[in-house]
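See structure below.
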């Protein structure tokens with residue numbers, strides 16, 4: 001065989017090898033891309049908390065990208081913005097509904113039976129509207145204002161005593177989510193700002209976390225706070241009403257707080273409603289924001305909507321495991 005023939009055969013063989021190697025590389029790339037667009041990603045694969053059936057993620061690649069950004073930024077850049085009722089507190093325990101901050105008062109001995117019935121009627125009427133998947137936030141908005149104003153008026157009529165609130169919380173069935181000690185203590189240890197933005201009753205909320213031993217100095221609460229007269233009797237509520245669907249306005253009113261945290265451009269947001277998605281609207285310099293949503297009710301009707309708006313959706317999940325696992329990577 002002459003040299004030209006040998007060279008030709010070598011070229012063909014070389015081309016075949018290149019094609020084969022190229023095919024392997026392409027296959028590897030396609031496999032990697034498929035994996036990235038699938039449910040799991042490298043970081044999430046390493047986190048057993050993400051493998052639970054309660055965890056739903058529409059875009060794992062995006063979640064990995066955000067978590068990588070949070071890890072890179074570390075403690076110095078992080079802040080937490082969170083709802084309270086049914087987000088930090090439990091929705092249910094052993095099949096029984098747990099109370100919200102308002103419910104703690106509604107169910108207490110400070111309220112007459114007649115008032116309790118009226119409050120329950122309001123809840124039955126308006127809660128159905130709050131979680132109705134067929135209504136927009138704009139359509140729900142006036143009903144929420146109506147509900148809160150009527151409920152607060154009934155509470156004012158009862159002449160609630162400030163010095164009884166601690167006892168009322170102690171006697172209630174309120175429970176914080178599993179893993180709350182680790183969540184609050186780790187954030188306190190690293191001095192990470194925690195902004196609790198609640199449409200509940202601030203006095204009750206503060207008492208709950210105080211009694212749980214987690215009301216640390218890094219925690220700021222913005223909520224509906226009671227206004228008491230000189231005798232400690234409820235006479236009204238301070239400031240403008242915060243309800244589940246006007247947190248955007250409230251967030252903008254707290255821009256001074258967020259300005260002080262201008263270097264904390266990475267956010268983990270936790271909520272349980274569509275209204276909670278706007279809690280970070282007062283932050284001007286967001287670099288990375290991871291939105292974690294708890295879906296507690298009407299799962300079949302609302303799951304798709306929640307997955308479209310929250311990065312991670314936790315269905316009927318009564319723990320802070322996922323948030324804690326992310327904090328473990330960052331801090």
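Glycine too: its Cβ is placed from the backbone N, Cα and C atoms.
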Quiz item: Which residue of 272, 281, 297 does Swiss-Prot report at the same Mg(2+) site as 83, 85?
Solution: 272
Quiz item: Looking at Swiss-Prot, which one out of 140, 247, 253 binds substrate in the same site as 198, 199?
Solution: 247
Quiz item: Could you tell me the C-alpha distance between residue 151 (N(7)-methyl-GMP binding site) and residue 199 (substrate binding site) in angstrom, no decimals?
Solution: 13
Practice problem: Could you check the recorded positions 83, 85, 130, 272 and say which one's CB has the fewest neighbouring CB atoms inside 10 Å? | Solution: 130
Self-check item: Chain-internal residues, separated by at least six, CB under 8 A from residue 247 (substrate binding site)
Solution: 197, 199, 275, 276, 278, 279, 281
Self-check item: From 130, 198, 272: binding-site residues whose CA lies within 10 A of residue 83 (active site, nucleophile)
Solution: 198, 272
Practice problem: Write down the Cα-Cα distance for residue 198 (substrate binding site) and residue 85 (active site, proton donor), rounded and given in Å. | Solution: 7
Self-check item: residue 272 (Mg(2+) binding site) and residue 198 (substrate binding site), distance between Cα atoms, whole Å
Solution: 11
Practice problem: Report, as a single number, how many Cβ atoms besides its own are within 10 Å of the Cβ of residue 151 (N(7)-methyl-GMP binding site). | Solution: 19
